[in-house]
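What TrEMBL annotates here:
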- 16-57: domain 'JmjN' (DOMAIN)
- 81-171: domain 'ARID' (DOMAIN)
- 253-303: domain 'PHD-type' (DOMAIN)
- 397-563: domain 'JmjC' (DOMAIN)
- 1038-1066: region 'Disordered' (REGION)
- 1116-1162: domain 'PHD-type' (DOMAIN)
- 1293-1340: domain 'PHD-type' (DOMAIN)
Amino acid sequence: MMNPPRPDEFKPPPECPVFEPSWEEFADPYAFINKIRPIAEKTGICKVRPPPGWQPPFACDVEKLHFVPRIQRLNELEAQTRVKLNFFDQIAKFWDLQGCTLKIPHVERKLLDLYKLNKLVAEEGGFDIVCQERRWTKIAVQMGFAPGKAIGSHLRTHYEKILYPYNLFQSGANLLVSSAAFVSGCFTVWFEARFMFICLVCYVSLMRENVKVEPGEPGENRPNLRRRMGSFVAKPDCHLQSAACSAVVQVDLVVCLVCGSGGDEDRLLLCDGCDDSYHTFCLIPPLHDVPKGDWRCPKCLAQLCNKPHDAFGFEQAFRDYSLRAFGQMADAFKSDYFNMPVHMVPTELVEKEFWRLVGAIDEDVTVEYGADIASKEFGSGFPIPNRRFKVTPADEKYLKCGWNLNNLAMMNRSVLTHVTADICGMTLPWLYVGMCFSSFCWHIEDHWSYSINYLHWGEPKTWYGAPGFAAEQLEEVMKKLAPELFDSQPDLLHQLVTIMNPNTLMAHGVPIYRTNQCAGEFVVTFPRAYHSGFNQGFNFAEAVNFCTVDWMPLGRQCVDHYRSLNRYNVFSHDEMVCNMASKAESLDVVLASAVHKDMVLMIREEQELRDRVKKMVSAKYDNLQDDERQCVKCKTTCYLSALTCPCSPGVLVCLHHLDQLCACPIESYTLNFRHYIDDLFPMMHAAKERAQLYDDWAVRVTETLEAKLEKKRGLPVFRALLAESESKLFPENDLLRRLRLFTQDAEKCSTVAQQLLNGKRQTRYCCGSGKSRSQLTVEELRSFVRQLYNLSCSLPQAPQLKELLNRIEDFQQHSEKVLSDEVPSVAEIQGLLEVSFDFDMDLPELPRLRVRLEQARWLEAVQQESGQPKTLTLDSMRRLIDQGVGLGPHPSVEKAMARLQELLTVSEHWEDKAVSLLKARPPHSIETLSGAAEKASGIPAHLPNCLLLKDAMRKAREWLQEAEELQASGSVPMVDSLSDTVLRGQAIQVHLEPLDQLETLLSEVQDWKEEAASAFRHKDSSLSLLEILCPRCEVSSLGSPKRKAKKGKESPKNSKKKSLKPSDLGEVEKALTETNDSTSALATLEELRLREMEAFFNLRATNESKLLPTTDCMDLKVCVCQKPPMGAMLQCELCRDAFHRACLPDLTEKAQPWLCTRCRRSAKPPLAKIISLLASLERLRVRLPEGDALSYVLERTVDWQQRTQHVLCDVLKFEERAGTPPTLTRWAPGNTEELLVEGLLLQVSVPEVQSLYHVLLDQSLSLSSDTLTPQTEPTDCEQQFTSQENPLPSPLKGLCFVCAQVNWVQCDGSCNQWFHQACVGVTAETAEKEDYICVRCSLSSGHLLDAPFHLSKG
């Protein structure tokens, strides 16, 4: 974070102009400087950067260059600081002469500014008035002390003690002059006592030789001994001694010159300068104590303090420096001062530190400056022909370059070429070697000429400049702020020894500008432009003066100014003018014109002066040097004439000071002159003739530019005058530039006027903010019309623009009338805007009309939208409000905005309320929502959420009606219909009472499905419940994955018929869902069963055929591993495919048919579980495909059981025994295998499957034992499929095939069939007490749910 600037911290002035000429502009320095003069002379100084690549070689002889610099004490340079230092020197000297040492007191922990205190008291009227009117507190505040701390009393004490005696001395009030009588009387007494005094002195001398002085007694070395005047006064150089004096009479030998008394001798002071005596209490102001040092009386003090001061100037250093040695010293100083490398010190820091140091009284920093070093002696920094420095061929262009300062001052365009002598510093460059803080003080160039400075190399040089028109203002400010300096040195500003802070000058209204001149850059100062500055560090610069034609009038003014200051001239202006007039035929026409005008003034003044001395003796001048013909009074070089007197040889005066020569009569003076007056007129006429051609042109130009009203010329006349100046090569000057500027302005005005009349836009100028202005305002047009009429030429477009202005003013009046209407018409506003297209103007009414048009269109849009409530959405209202917010304020707009905002607020409220009602959990009742929807329907707007609320009400009513119909209907609904109804009810954001019941019912259905699935599905099965319960649609996939089912067994007719039936589970489920009742569903499943049976028989045939003995059994691929048969093999009882026993690790030996994993689809729950599931489904009163499939499974199972029981009954032979059950005999029917396959396909566990399997197994074993002979050996394949180690045992006679029990029960229904009690879940007691009805009889009679089924789980 940067520290805030101090109140007294230096604030840099604004920058001066910086010019970067092109190579073409840089070719002629005088033409370029003349071009930039109108801009640069407003700031006094400017900086010029040469084009890139312009780098002259440094040609100065570094080894030869030696110089003695000037010593500069920084705090003595500043005018106000020097005044303070002089004041402190004077007051310190005053108190030193009074025998006291001045000690500056501290107030509030800082040194008291005695100078400021003294000045403020003087401005307030003096010590007495300040005390009387009690202004010490005011003075304390003015000095920067905080009020309320009694600082004023401290300031009064210090002033009274230190400054008041000094001011009394300065005013002369302390000089006491006694009356004549008093002095005469005192003289008589003194004369009479003189003899006695001499005797006393002799006596004292004698006593001092004979008496030893004890320590502490008055003696010779006692301090301030001479201050005590009384009976004991002795001087060591007294040689009067007399031994005869033996007695001394006490008398008053010394008396006070104020009161005339010799009393109070211990308070009597003797002056160390004149030996006068004064009482301490008689002095003004009185002294309280005896001074300890030497003391001077008021008269001696006045003589010592009023001695004139020496003129202030710079001292020369005691050392002669080479350039290298000075640079080492300068770099070391800057590096040590700032404690960093010289190249890293910011220029801003150096600048602020410089101005702080020059204003600091208590800091004394001294630097050295190598200034005004003659380039003629040591060589210029620019290359010069025929010098020791040899330039390369590439650098020869710099020898004759106009910007080479050795050439610039003496070029043909320079007036100084007509000065006969070489003037070091003006026509010959001066060199400047600077160090950090070395400065050049405020000054203007000699004869108010131009100057140009080039920095060859080194660190920057900081410049400050004031324009020439502010020169007198700057001088007045400096004289006002430091009058003491100018009283002693009236020409102080011409001595180049005084600076003043630019901030101080700017505070008093002096315009100051600054710049940093870097190496390779020029700084140009203009006539009478004060400038000053300082060096940032070690550098080398070169400067020279030059004068152009425009300087001529200022040069003559400067001579008169020098005469008033008694200042020497560097050259004679009159001599230079006469030299130019003597060769007028070779002068430039502009220079000739300037010379003519200057000579007119010179001859007129000389004629008037010579008329005053007509009676004097005349004599022609001798060829004297300029310094030998200077006026003894004003120091002006007397070229045309001078006065001399025989009484003063070698002394002369100008005709302005004829009374300052000597006391001799004027008639004895001699008039010395260079030319007769009559000889000057031909010279003036020669210059006039040379300039006449230009003057005639100039007169015509002036008349043309100053013509009024009907005398104004047209633009072609201006162009002709401009062309004439170019054809006759008139030089660039103010008049030509003025003509060119007027012509350019007239052409621009003509172009702009024509474009305005044509309706074309023209970018006129860029405004201050940098934005392009492409149209004129009405005021600008009015001003432009006035400008056209004020031009020096007449333009034909002026009357036409005047007419255009009148039309625009009429348009403005009509616009104001329309804008004042309460509800203006859109068409009327558009009409005005269309009319404005004819005016390519920036009309202030246009934005207001456009705003009013937008308001009118917005009001129409609001009215149109409000008239159609069905299309007035919230977005439309917000859009209209947003558009309205961007409109300008108007009562009609505000009313419409208020109505829209109110409607939007109400609409948003009901929209939010509708959303909250629809999203409420739990949902609201239909009555609550109906009331809200009825209220929202009265809002004249399109409200989507309210419409959603109405739609929800409609859907809720429809759903309730549907739910009522669903519940009232006698049919059992499908689960899909129930699920769809529940889902639609859940999507409706209304509380529906039947929905909870339906959701509960659907949940119970889902629980039933999960229970059924858990009963049928294996643990890791991927089959769905419906897929398990339905007959298989695809059976070929159960075989080997690399074998395809044979297609030849299916006839085309059967294939076509099956393509119309369900072919996959999705079609099966769809068919079951679309059936209207369970009967149709059972028919579909029955058809699938037949297809399944047919497919399985084909698959069994295929699998058994591949197991027939072949020549190469190794080509056969079986089992899940798809490898040839080997080792112990097992054959699936359903699909008849073969499997390796090693590939079946989970195989357990059970006396039941073995099925492969492909054929074993479910866990095959017992029949009782299926009946329980169907009973629970019947209570739910919902129909679902899984329920239909499960019903079919039950019916299929019961049917199969009955058929199987008939088969098993046929193979049993009953023995007619009373009270005994039947016994089992072996018999093998033909359809046993088909029943077994169908039983294995059942997804229910029934005991008949195992019984039937044992019957077939016994049959197979008996057939094998009858057919197999010992002589016949089986093949390898046969051996593999018949080598079962433990064949299942055959069923026992007279026992159940499954459980080996012989307790029987007979069905009391219509079938009268016999069943094992254990197989049907009936105990012996129940069989005796209750009737038993089998499953088939229960299904046929419709009492499935009420029948007491007790089926065994085995």
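Backbone N, Cα and C define each Cβ position, glycine as well.
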Given 16-57, 81-171, 1116-1162, the one sharing the most C-beta pairs under 8 Å with the domain 'JmjC' (397-563) is 16-57
Per DSSP, the domain 'ARID' (81-171) contains 61 helix, 4 strand, 26 coil
As a quick check of your reading of DSSP, tell me how many residues in the domain 'JmjN' (16-57) are helical, how many are strand and how many are coil. 16 helix, 6 strand, 20 coil
For the domain 'PHD-type' (253-303), the DSSP residue counts stand at 9 helix, 6 strand, 36 coil
Per DSSP, what is the helix/strand/coil residue tally across the domain 'PHD-type' (1116-1162)? 3 helix, 8 strand, 36 coil
Restricting to the domain 'PHD-type' (1293-1340), what is the model's mean pLDDT? 65
